[in-house]
Amino acid sequence: MAGSSKWAAAVASIWIQCSLGAPYSFAIYSPILKSTQSYDQSTLDSISVFKDIGANAGVVSGFLYSAVCRPRSLLRGPWVVHAAGAIQCFVGYFFMWLAVTGAIAPPHVAVMCVFMFVASHAQTFFNTANVVTSVHNFPDYSGTMVGIMKGYLGLSSAITIQVYQTFFAGKPATYLLMLAIAPPLLSLVLMFFVRIHHTQTQTQTQTQTRSSYHDKRYLNAFSFISVIVAAYLMFLIFLNNIVVLPHWARVLTLALLLLLIASPLYVAIEAHKHDLQTLHSPLKTPLIKEEDVNGNKEITSDDLNLVQAIRTLNFWLLFVAMLCGLGSGLATINNISQIGESLGYTARERSTMVSLWSIWNFLGRFGAGFVSDILMHKKGWPRPLFMVIALATMAAGHVMIALGFRGNLYLALLLVGVCFGSQWCLMPTITSEIFGVQHMGTIYNTIAVANPLGSYILSVRVIGYIYDREERSEVGSSSCSGAHCFRLSFFILAAVSFAGALVALVFMIKTRAQYARIIRRKMLA
């Protein structure tokens, strides 16, 4: 695959990211989990909580990545992190499959929670290995690469659902077995391609500028392909809501989807050819070599470990901003169906909203990295500014939901979905720029804990409490109907998001000196 190069690493990471939609497709296999194990809804919700915790508690994966990619490590390279994720993914989903098929006695609820936690926890290992390696390999365009990786992760649920609808429709137990086998197998096949590479130059300014331009050209091709994949998935979502496709048509549409996902390989081959030409050119003399993970990478003063980062105000400002942004965004997605029902949207309309959320989420993840990189290089805009804009815009989206006008929910969810997705790109990229890439995986995964924490506070303690109160006020009704059901909740979420924007503004002001240095370097690239 284009030899051993950073481009091969990028393509391998993209393909692995596309397979990680299992935690987001819980709705497919949760009914059979509930029926075969005789769970009530409360028990199923408890298992779902462990899914969310596992998918977001990535601190261990960050520690492991830092350990295996430092000098003199016994086991070296991101492949170790991938292997650990593959083992967890197989064990978690395989034992769930054994349980639902009756191959083993129904496990205790606590044991099933452990299976779910382990299965979803695998995602953090795959994601950490792919994202952090990409930042190492493309330091000048870290925002674009994080956006691409996080964007494909956002699309992975829609991709996984297409596979399910084509081959396993009506067979959720078989789908569980596929989740136990396919993602780990793909990761084991590709993990040795995901390696850290560095470019050293002799004619530093001129050659680095040319190399950076070359990287940007091919990264733009990666970006274009990801947008095409997202647009095609959106087309399939609308098509499936309009007509029932025969099996042969589903196979054909899936084959075209897989062809689109495979197409970055062509870009990687062309980019690698260009690298080889540059390597042997007398006019441009960069020495491109794989980092010896035994390596001699210089640790700058900005390379902080987790304990050192936690002691800084910057860490807590970023954490609080993410608590507000990620927490309010996840609380929104958790309640889309109930919001739509209370406002009189049909079941099909609500289903379309849930499906489109993954597309808006992708646009935010990809767009924030791509646009922020362009404006940093060309205009000198600091990346935290985009976080301020995203959080303020998210507050506007929450206000639109609170107002409850008929028809505006689609636009409101577009705003909230894009802004929610953008946080998942901006936060890891900013983490690498402020605290360094040496321990980036550990630090950004610790900050990501703000996602389930904020969701619990806002979804359960705010939205759930207020909805139940409004429901009890409607005598003789089993559910709440009308704009008042969620009005107060989303005004509160709007205030929280706006408070997050103010915190992000303080963060931007406090880091302006660091970003002045970063921008000077990037504008030369």
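We number each residue from 1, going along the chain as drawn.
Backbone N, Cα and C atoms are what each Cβ position is placed from, and that goes for glycine too.
Range with TrEMBL annotation transmembrane segment, chosen from 49-67, 277-295, 353-371, is 49-67. In summary, the transmembrane segment (105-126) does not lie against the transmembrane segment (313-333): fewer than three C-beta pairs, each 6 or more positions apart in sequence, are under 8 Å. Remark: the transmembrane segment (173-197) makes no contact with the transmembrane segment (313-333), by the rule of 3 or more CB pairs under 8 A. Note: the stretches the transmembrane segment (79-99) and the transmembrane segment (49-67) are in contact (3+ CB pairs below 8 A, sequence gap of 6 or more). Per-residue pLDDT, averaged over the domain 'Major facilitator superfamily (MFS) profile' (313-525), rounds to 90. 487-509 is the stretch from 7-29, 147-167, 251-269, 313-333, 487-509 with the greatest number of Cβ pairs below 8 Å to the transmembrane segment (384-403).
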